[in-house]
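Here is the structure we will look at, set down as structure tokens.
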Amino acid sequence: MRILLANPRGFCAGVDRAISIVERALAIYGAPIYVRHEVVHNRFVVNDLRERGAVFIEEISEVPDGAILIFSAHGVSQAVRAEAKARHLTMLFDATCPLVTKVHMEVARASRRGTEAILIGHAGHPEVEGTMGQYSNPQGGMYLVESPQDVWQLQVKDEQNLCFMTQTTLSVDDTSEVIDALRARFPAIVGPRKDDICYATTNRQEAVRSLAVQADVVLVVGSKNSSNSNRLAELARRAGRAAYLIDSASDIDDAWLSGVGCVGVTAGASAPDVLVREVIDRLQALGGAAAQEIQGREENIVFEVPRELRIEVQQAD
């Protein structure tokens, strides 16, 4: 059985930065460090940080006075940010992915102008909640759509003063269909100058398409609440391949590999490489050959952590 690895796969720059912020805060200030929402959507990462002293909460009211608080990579609404700043916290660090912040700024600009804004995204996802929460102009409006059907049912105040933006972790193909519907329904609508779906999401989706051409079965390492990981599994299935979203090697069912000549492995942007290595080990124990990595896009983007954490770590060293 051949084992093919998607390239790129796993951690993106935003996830690397978010995890590093929590790790550095723990190293400098010690436990507990409070984090609003799971810093990234991966069970292994969250459990590891929890064991090291991170406390994951959903409400700012759960954070005691004098504590250190970190916002997750998914971002928060202006209301949550204001609530946190009103508290007597020792330090407040923002681990919001800079590419999510870009979308936040687009929404905030629309709000200031009074332009109605339409967000393409998944209802209930923390990134969507944070992005929707950047709009505060009662004279305008902020709307959420997930499908072309939502677009055709949407009613706005002024069809001549509209813009749209997207969640960063969506399916590129699905989003394109929604954008086409928006442009057909509202010809005057204005989109972002640069796509909001992030480079890592796009690259990993391209890689899984290439993987699905060669593999009989695709394993996606990622947690069930990871939007980008779910999209990878969906893409593989649309390509006609059996695809399974797994948290770890222990989730692999031997029956999935019965009669399989080639298995493809990829990982969502919040899944650490250690989990991929464990999956490879399991596949090789089941008769797999040495893993081969397919060609793909090189990624060299790095997002810096907040200056306070860089300075303090340097001083500690």
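Every residue number used here counts from 1 along the chain in the order it is shown.
Cβ coordinates are placed from backbone N, Cα and C, and glycine is handled just like the others.
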Notebook entry, point to check: Among Cys12, Cys262, which residue does Swiss-Prot annotate as binding [4Fe-4S] cluster together with Cys97, Cys198?
Noted result: Cys12
Check: For His125 (isopentenyl diphosphate binding site), what is the secondary structure by DSSP, using just helix, strand and coil?
Finding: coil
Check: Could you tell me the C-alpha distance between Cys97 ([4Fe-4S] cluster binding site) and His74 (isopentenyl diphosphate binding site) in angstrom, no decimals?
Finding: 7
Checklist line | Integer Cα-Cα distance in angstrom, Thr168 ((2E)-4-hydroxy-3-methylbut-2-enyl diphosphate binding site) to Ser227 (isopentenyl diphosphate binding site) | finding: 10
Check: How many Å separate the Cα atoms of Asn228 (isopentenyl diphosphate binding site) and Glu127 (active site, proton donor)?
Finding: 12
Notebook entry, point to check: Which has the fewest other Cβ atoms within 10 Å: His74, His125, the binding-site residues listed?
Noted result: His125
